[in-house]
Amino acid sequence: MAPSAHVPWGRARLSGQRQATYDGRTIPVGRRPAAVPFAEVVPDIPSRSLDGTFDYAIPPELEGECVVGATVLVPFSHRKAVGYVVGVGERPQEGLAPHRILPVERVLAGPAFDQVAARVARWIAREYACPLSEALHPFLAPGQTVRVRRDGPDGPWTLVCEKSGPVDERWVSLAEGASGFVPRANASRQRQVLEALQAGPARMAELAATLPGCASAVSSLRERGVVRVEERRRVRGVEETTLSSAVAQRPSRLTRGQEEALAAIARACDAGRGDVVLVDGVTGSGKTEVYLSAIERELARGRGALVLVPEISLTAQTVGRFRSRFGDDVAILHSRLSAGERFDQWDMVRQGRAHVVVGARSALFAPLSNVGVVIIDEEHEASYKQGSAPRYHAREVAARLARERGCALVLGSATPSLESLERCHEGSWGGASWTRVSMPERPGGAVLPSVQVVDMTQQFGSGRRSVFSRPLEDALLEVMGRGEKAVLMLNRRGFANFLMCRECGAVPECPHCSTSLTYHERTHSLVCHSCGRSWPVRAWPDPSTRCPNCGSRYLGAYGVGTQRVEDELRALLPPDVEVIRMDADTTRGKGDHQRLLERFDGAERAVLVGTQMIAKGLDFPEVTLVGVINADTTLKLPDFRAAERTYDLLEQVSGRAGRGERAGRVIVQTYWASHPAIQAVASHRRDVFLSPELADRREGDYPPFSRLCNVVLWGRDALAVRRSCDAVAARLRERLDGVRGWEVLGPADCLKARVKDRTRRHVLVKAPVGSEPGELLSACVTEADVRRGVSVAIDVDAYDLM
Ligand SMILES: Nc1ncnc2c1ncn2[C@@H]1O[C@H](COP(=O)(O)OP(=O)(O)OP(=O)(O)O)[C@@H](O)[C@H]1O
Ligand SMILES: [Zn+2]
């Protein structure tokens, strides 16, 4: 049967010229009419009840364009919907009568993903309990939102496109006819344009900004052959830097650890079935060089690479190292780029002009189909878990992608996650082998720094009130005296700066969110970091101070800010020592981060003071001292990963010291010196932390020995939230009570019980390792009686339990 005979739009019209590209390959246009006449489409209507794919007929004139990955417009129950093609075929599913199938109306955008990526998206939807349309979003071209909107309740459906396409810029320059040309006396604009162009070619947009209305002057000059106008495609998002560490010098020889790691990676690449290599290398052991060499090998075999680094370490240093080795073959993707810049980088990959993609989490979804290796640097980082739907973990998606694409996955860290260590211990997981390779040494004879733990209760007991303990103060003076550099970290995650009444113990909280307010000394204000509201308040000893609870005057500031550390440093050190502060306030603007690091790099002697953003990746050989002002704030977080996070952070920041020829020293200030996480850092022995931690996790059935899922419900109506949450919990218990290895906890108020005036409650579910809780949770939520106005989020393998 030829289905084209039945489709309602009648005779086939061949469109021989149409073609699409994906990952540099041109997808050929079908020769015969209606060779694959059906498309499986996912309508972009995010709703659990509508989740699924629908079949549409491909009209012959759209054939060749309506391919897997394309964005299309389709009729959908009396309206129109934007959808994504996830499959094409000769027959519709489940014996639907071909003549009853509606046609695709338009193709709105070319292919953004291929068949393999579509399979991965289906897996994400199942695994993380989200609608398929949501799982496809990360694969779409950045900044290219297309949706349908209805104007008024009965109005027509219209298409809204928010596209930031490629920027084609028009450049104006002087042409041959310029010599000897004299504008007429009244043509002042022409004269100004010519003057501006004496300095060199300029962009039309810039000319127009300084010389309003110059367009007509330019076009008349162009007609006379005085100037030339050219279109140049500019690839945005490429930063320049003077950072010395932004170049990856090729080492004369690799360390033994590096060679072993590369051999294991080569085996995994050749096996072609998604095998995983965990590069467990101490700080400064040269993991980057391992990544670069592995990528070089894959490029030589004609395959590309995806490299994920935490958003915060996507600095000029990291980017520069990749560019210095692979030049323009690198595309960069991260959230600080503008939508247009991201599109340009993404499009470069799609066109096959870049084969190495370096980026944050979302780089996993770049349109690169011929992948030889996927690399995740600092794989233990919590930021690899996405906080909003689809709530995927990049490590898990990467493992799946590697298997689907038949390539290798490389995970690198000095402090691997307990999940990855456990899988390597098992040797295999999810049908792939997991191998750990350790790199215990720094190249060139550099040694790990010596670590000294300072008990701050003793310092306070002896009457010291400075933020620096005596040993840290002495070390700072000594290091500056030798003309070296130091890094000071202030642990600000957790309950950082707050006000507390010394008489009644009250801590001001946001009335709209159950969050203690953060005190900003600079602006004298209390700020809610959940909703952003702020109140002007002056802390004790200001005479205006009043405790909101008891009216006492002793409402004092607790916790230390980077500002205070900076001020004390300036008082302590000679005036010519540069003190550079790096925190959320000083890195707000684009390029601030890089500028501060360049200043640190270029200084004679300097101290870099910062929050945890300075803990990772920085490679400055002249740093010989690292100080941690307050090591334990993260230990007190109500989170089962608190100890792991503290250990990771301290080990990482310690690793900034002694990376060059001179040995390094670390001083850790803490009120909890006996904690295994602190003791492990002090002795550079991970097992001091790991053994008791694993025992605790096993005992309490926490990851890596279970999968922890968090079902959160929120809404304005507290009673509706409570009832809905009870209903979800009841449904889960009906399905799971007595099932081995499963456990339902709650319902309970979330730790942040109110956010933006919405009540939040949750249910926790522990599922056995190897189970697939996504579908079950999603079914229970759909079946439970969730009230209108109550939102639900299912978070499988939850990281944020607040
Ligand atoms: N084989 C080698 N011989 C000499 N120097 C090397 C070698 N391999 C790497 N290096 C240098 O060692 C330094 C540290 O490397 P890199 O920044 O890759 O460490 P890392 O393992 O990523 O550490 P961290 O986890 O602390 O970020 C770099 O300056 C790098 O150029
Ligand atoms: Zn608030």
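The backbone N, Cα and C atoms fix where each Cβ goes, and this holds for glycine too.
What TrEMBL says about this one:
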BINDING   C501, C504, C547, C550  Zn(2+) 1 binding site
BINDING   C510, C513, C528, C531  Zn(2+) 2 binding site
DOMAIN    268-422  domain 'Helicase ATP-binding'
DOMAIN    542-719  domain 'Helicase C-terminal'
> If you draw a 10 Å sphere on the Cβ of C550 (Zn(2+) 1 binding site), how many other Cβ atoms land inside?
Replying inline: 13
> Measuring Cα to Cα, how many angstrom lie between C550 (Zn(2+) 1 binding site) and C510 (Zn(2+) 2 binding site)?
Replying inline: 17
>> Less than 6 Å between Cβ and the nearest atom of ligand 2 is the rule; apply it to the binding-site residues C501, C510, C528, C547, C550.
In response: C510, C528
> Where does C547 (Zn(2+) 1 binding site) sit by DSSP, helix, strand or coil?
Replying inline: coil
>> Among all protein chains shown, how many Cβ atoms are found within 10 Å of the Cβ of C547 (Zn(2+) 1 binding site), not counting that one?
In response: 22
> What is the separation, in Å, between the Cα atoms of C510 (Zn(2+) 2 binding site) and C547 (Zn(2+) 1 binding site)?
Replying inline: 14
>> Which secondary structure state does DSSP assign to C528 (Zn(2+) 2 binding site), in the simple three-class scheme?
In response: coil
> Whose Cβ, among the binding-site residues C510, C528, has more other Cβ atoms within 10 Å than any of the rest?
Replying inline: C510
>> Applying a 10 Å Cβ distance cut-off over all chains shown, what neighbour count does C501 (Zn(2+) 1 binding site) have?
In response: 22
